[in-house]
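Peer 1: Sending over a structure as structure tokens; questions will come in a sec.
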């Protein structure tokens, strides 16, 4: 069915994300059905991500307004409704929008205009096909079946996601379990014990952008000891992972150094060799299973040196800022053997078709795949369906806390009820 015959109304609007910052939403009406899709936004971003179009008018939301992006949605909507494109041909719809933008990083119309349109047409296509969204996406990804992924919950927030002294961005944990209810119940129980540990030591249990606790920690070791103590008390032994987001504390230039004291009053600068040794000791002491963005996105020598060390210790290395869901960068990382897990974030590349292509490129180089939310999220649950739709092994969507995070997890419960 053609877009112009099927779509009765297509428009953009401003909504607000989980940090109270403006973002975009698309409203699509077809045959009495309404589909809405919204765009998340990151705090710690890679330099090569698709452009998020902002107004930069300081008098409105301190420059974070998205009126230009909403105007782009309306411009694209008019253009789409004048074509002979088929609703079921999502790749052609996405290519048409990219061609209308005309830039490699979507800097003309904005990824935050193009992505929610792409998501909405995927939803419409699934409805017309009489399929759940995740199953419809498999038509394009080639994934088969419905496999529950391993979930990494961000239970302690640091870095750009909190105001404490923790230099890494996330301390994540994962629990064994064959069903969503089993895994989420374990996380709920463990989180309660961790909250008590935080309260006893720090007297406060506030949370960060992604729902994890954000006490006034002085070091990463202090944070990991909280997790270890909660594990002993609860009798639950989760797998531990880190998101270092190292580009946030790296010096730029030929001789990269890393200030792991960047969020405290006391600098602690490490060379790349010293940082590798630091990670190696952490892995051995705390049984870390996965590290995301351990180095700056341009510090390729460190990525290349660290991967075989990590693999020899049974640790996975995740590329995020390194590859920004870009098929060409994933290809480069695969050829150079910089990481063995590809993090997939829809808004880093800007269309569902390109997101799926990024997954396929990662698979071609033997990488496993982890889907991810952003720190500025909405109640949209597309991420859950994308995870199943591309057959991702892992997902992270924050803590089991804050409704914009929990919404994604609750969708798993619904989808696996059968």
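Keep in mind that glycine also has a Cβ here, set from the backbone N, Cα and C atoms.
As listed in TrEMBL for this protein:
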ACT_SITE  210  active site, proton donor
ACT_SITE  345  active site, proton acceptor
BINDING   161, 170, 292, 320, 372, 373, 374, 375, 396  substrate binding site
BINDING   292, 320  Mg(2+) binding site
DOMAIN    7-137  domain 'Enolase N-terminal'
DOMAIN    145-418  domain 'Enolase C-terminal TIM barrel'
Peer 1: For residue 320 (Mg(2+) binding site), identify the closest of the recorded positions 161, 210, 345, 374, 396, judging by Cα separation.
Peer 2: 345
Peer 1: Let me know the largest Cα to Cα distance in Å among the substrate-binding residues 161, 170, 292, 320, 372, 373, 374, 375, 396, as an integer.
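Peer 2: Per the listed residues, the maximum Cα distance equals 16 Å.
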Peer 1: Over the span of the domain 'Enolase N-terminal' (7-137), count residues by DSSP class, listing helix, strand and coil in order.
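Peer 2: Residue counts for the domain 'Enolase N-terminal' (7-137) by secondary structure: 53 helix, 25 strand, 53 coil.
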Peer 1: Return the count of C-beta atoms lying within 10 angstroms of the C-beta of residue 345 (active site, proton acceptor), excluding that atom itself.
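Peer 2: Around the Cβ of residue 345 (active site, proton acceptor), 22 other Cβ atoms lie within 10 Å.
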Peer 1: Under a three-state reduction of DSSP output, how is residue 292 (substrate binding site) classified: helix, strand, or coil?
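Peer 2: Its secondary structure by DSSP: strand.
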Peer 1: So which recorded positions out of 292, 345, 372 end up within 10 angstroms of the residue listed as 'active site, proton donor', measuring C-alpha to C-alpha?
Peer 2: none
Peer 1: What number of additional C-beta atoms lies within 10 angstroms of the C-beta atom of residue 320 (Mg(2+) binding site)?
Peer 2: 28
Peer 1: What Cα-Cα separation, expressed in whole Å, is found between residue 292 (substrate binding site) and residue 345 (active site, proton acceptor)?
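Peer 2: Residue 292 (substrate binding site) and residue 345 (active site, proton acceptor) have their Cα atoms 14 Å apart.
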Peer 1: For the recorded positions listed here, 210, 292, which shows the highest count of neighbouring CB atoms within 10 A?
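Peer 2: When each Cβ's neighbours within 10 Å are tallied, 210 leads.
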Peer 1: Check the Cα-Cα distances from residue 345 (active site, proton acceptor) to the binding-site residues 372, 374, 396 and tell me which is shortest.
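Peer 2: Out of the listed candidates, the nearest Cα belongs to 372.
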Peer 1: Looking only at the domain 'Enolase N-terminal' (7-137), what is the mean pLDDT?
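Peer 2: Mean pLDDT across the domain 'Enolase N-terminal' (7-137) comes out at 97.
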